[in-house]
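First up is the structure itself, then whatever we jot down about it.
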């Protein structure tokens, strides 16, 4: 047993308990959720997933859970999301507790997933441990994949693989497209450096390439190979080679040859598609969000399972892969084809403009995953200069009648990313807001404010997304209703509660209208809320105020306990308010100035390198002027950056990309918005 997996918990706890259906050593396994007093019933949702999760993993990996019990503990002010200590898994309260009456329903999804992720670690990481930290992906990528796989089995109605494409893959693409990123298998010379690679490459890119491999091999073959790998290394250490050897043996394929570039090399490919009648030519090259990949950076040739639909002589997905830099494929249906069907491959696709326009008229032939991936590619290519923002917005106009919440999430995320780059220009900000208002108008009116009896989970998620975007963009009717609800809630919170999923939208409306009134109200709510997720949600809204004086005197200092009362935001939650300040173009610079002026005191108070690293990443990545790259470098030149030097590199690369995008597309975007009557 690795020493990092050992934990004790001493305190005044209470628990709820269930037992697995499966027997282990002749007995059903006791599974418990422990909390501080008064909270145990909010562990019921986690408990309902923990026991069947243990049974599921024991079955598919053909290795029984080896311990006599499984405990889950809710930890207040926990720095991590969770930690897979063997038999005593510790969780941040928002990742294991859920209240049906007061919690945002989205936490129902995240609690179920995080519970499963940590329990998957009981096999990936605990039973079989990586040989050294450079093999971290064997722990985290597998736990991520297994966690989503279990939730898909438990809740097929949630369509979690579409959610993963929208949230997980898109997040991985953003970091992997930066020059300062790293490969999945990354050299770690000192164990003290490992905290910085607990990131979306080790978790989400790794999961994405595993999902790609599963789609290629088939699930049954994959888990058979994984079981063989686990059994061969039980209670020991393993390497990536051990995994590939096991999968190669059961599949009859050279898995190392297929997967080595994905694991050992930095980055991912974009497939540039050229068309001739009846054929396409596909050329792969490394994608960089700055759009300036150099020849020496583009030497990797990836194995790319094409996921091609639309060959004349084949129905469904053709079993074709790209294993060289360029290849021509004949027998293509000129009316309709698509690559990366189901978004199972970790790559971008750059279609000709005419094909993208054609696909916008064929949305009914695309799955939710297809739509999410095409939107993501189009947005990324616009950012990098391989496309443009006008083409992206033109494409998005075709989604006004879309009904799937996860597709809408990708649409709105993409527009939000554009606003975050161009939003400092008031004309562009207004035009993009008007674009969103028109795009969502019919759908937000159709879905309304009130949940229906027996409503599908994803419908509730869609309502939250649409109303949130409507308020943020100034939709007149939606904003008026939100303000009405805010006033009623302020007057009598007990009699006029806000539906849990709509709290941030209603609070945002109140904050935008009268920040001097709303900021004290939201801070009071932060102190008094009994909701497990309420504090984080308050922080996510507070940082969005446009009032400069309030930001300076009340909001920013509140995050760092430098204004009374001194027991304000705990270290573990600082990132929530810092992230909202970074999204706010009015607050971004003020926040950075505050950090520079109080840096030593803040770092001393935090005392935890993980929190400092997280704070740096969320606070600085959203600048859109390249002068901040130099400012950041100058400020940290004489500071100890050991805990976050890798993050500084990715932050600076992000800023360079955003600055180049803004400079390149601002004029053309303004012209398009004007021509389409948005400004």
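Yeah, the Cβs are placed from backbone N, Cα and C, and that goes for glycine too.
Note that TrEMBL annotation is computational and uncurated.
Lifted from TrEMBL, the feature list:
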ACT_SITE  118  active site, proton acceptor
BINDING   117, 121, 140  Zn(2+) binding site
DOMAIN    45-262  domain 'Peptidase M1 membrane alanine aminopeptidase'
DOMAIN    336-656  domain 'ERAP1-like C-terminal'
SITE      203  site 'Transition state stabilizer'
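Structure coloured by features recorded in TrEMBL.
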{"residue": "117", "record": "Zn(2+) binding site", "Cβ within 10 Å": "27"}
{"residue": "118", "record": "active site, proton acceptor", "Cβ within 10 Å": "25"}
{"residue": "121", "record": "Zn(2+) binding site", "Cβ within 10 Å": "24"}
{"residue": "140", "record": "Zn(2+) binding site", "Cβ within 10 Å": "25"}
{"residue": "203", "record": "site 'Transition state stabilizer'", "Cβ within 10 Å": "23"}
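In three-state terms derived from DSSP, residue 121 (Zn(2+) binding site) belongs to neither a helical nor a strand segment and is classed as coil. Geometry remark: residue 121 (Zn(2+) binding site) versus residue 203 (site 'Transition state stabilizer'), CA distance 12 Å. It is 11 Å from the Cα atom of residue 117 (Zn(2+) binding site) to that of residue 203 (site 'Transition state stabilizer').
In sequence order, 84, 118, 120, 124, 125, 139, 142, 143, 144, 146, 147, 203 are the residues of the same chain, not among 117, 121, 140, whose CB sits within 8 A of the CB centroid for the Zn(2+) site. Annotated pair residue 118 (active site, proton acceptor) and residue 140 (Zn(2+) binding site), C-alpha to C-alpha distance, rounded: 9 Å. A separation of roughly 5 Å, to the nearest angstrom, links the Cα atoms of residue 203 (site 'Transition state stabilizer') and residue 140 (Zn(2+) binding site). Taking the domain 'ERAP1-like C-terminal' (336-656) as a whole, pLDDT averages 96 in the prediction.
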